[in-house]
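Since the structure comes first, as structure tokens, the remarks are kept for the end.
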Amino acid sequence: MADPTVTSGGSLNSGGRGGGSKAASSPAENYHLARRRTLQVVVSALLTESGFESAEKAAVETLTEMMQSYINEIGRCAKAYCEHTARSIPTLSDTVVTLIEMGFNVDTLPVYAKRSQRMVITAPPVTNPPVTPKALSAGQKRTHPAHIPSHFPEFPDPHTYIKTPTFREPVSDYQVVREKAATQRRDVERALTRFMAKTGETQSLFKDDITAFPLIAAQPSAIPYLSALLPSELELQSLEETDSSEQDDQTDSENTTGNLMTDDPGADKENSMLPPSGVVPSAKVSEDNMIDNPYLRPVKKPKVRRKK
């Protein structure tokens, strides 16, 4: 079935424009569709000048393809003649030689351009390139040097060359460090309290709502004064350090006594005051470090007497 017929030149133009209504995504496809629509408008105008009142869409597409191929061939041949003469841009003489080579009578062009029935085609609307927002533009773009052609892509924005460090310097301000430490300590205490409240028994201030303001349930001890009598972890640690220091002093004194006995054989008087074992008792050494509190004193092992 044939497409709807076109009854006038204007309808031919509109039908030619509607041939490529599909939107394109890339700039190359947009350019191809715009050029195709312009050629369809030109073909429709030529058909109207020739006296046609209607045309099928397939016929218009075929004539458009023929015109596009003809124009492409002219451009290809003109480019070849241009490069043959060691030039990069074609001139009018290259186009004239191309038309003569293709069998076209160049003398008829002025008469055809001045014909009375010529239809004037309006220029297609020019779309402005999208404007880059000022918030995204930083600095001024670099232009192409002399050795780079102007049709090459432009340089990227200046902000692509800016180096941004991906780390932050540690904060060394005393006030900031103290505030951060206090905040972390408070967060840890809150998290621990919530964990204990969720995992253990809790008590509520309000009888109606048990979940509001939960409190950690107090666990009564059978011997409440036991915690006051037992030493804390810090005290135990200090006691261990004291015991180790006493042992070190004792070993040092033994080594010193042995050296005196070997080095100074004439010190019999001083040695006579020492006990038979030649070692100062640890009780005398630790008299200065004796603890008054009986509950904090180190444990002494009872002496076991062997039966004879």
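Glycine too: its Cβ is placed from the backbone N, Cα and C atoms.
Automatic, uncurated: that is what TrEMBL annotation is.
Among the features that TrEMBL reports, compositional bias 'Gly residues' is placed at 12-21.
For 239-252, the entry in TrEMBL reads compositional bias 'Acidic residues'.
Annotation source TrEMBL lists compositional bias 'Basic residues' at 298-308. Per DSSP, the secondary structure of the compositional bias 'Basic residues' (298-308) breaks down as 0 helix, 0 strand, 11 coil.
Mapped onto DSSP classes, the domain 'Bromodomain associated' (31-108) shows 60 helix, 0 strand, 18 coil. Residues or ranges marked as domain 'Bromodomain associated' in TrEMBL: 31-108.
Under the heading region 'Disordered', TrEMBL lists 1-29 (among others).
The region 'Disordered' annotation in TrEMBL covers 239-308 (among others).
In the predicted model, the domain 'Bromodomain associated' (31-108) shows an average pLDDT of 90. In terms of DSSP secondary structure, the compositional bias 'Acidic residues' (239-252) contains 14 helix, 0 strand, 0 coil.
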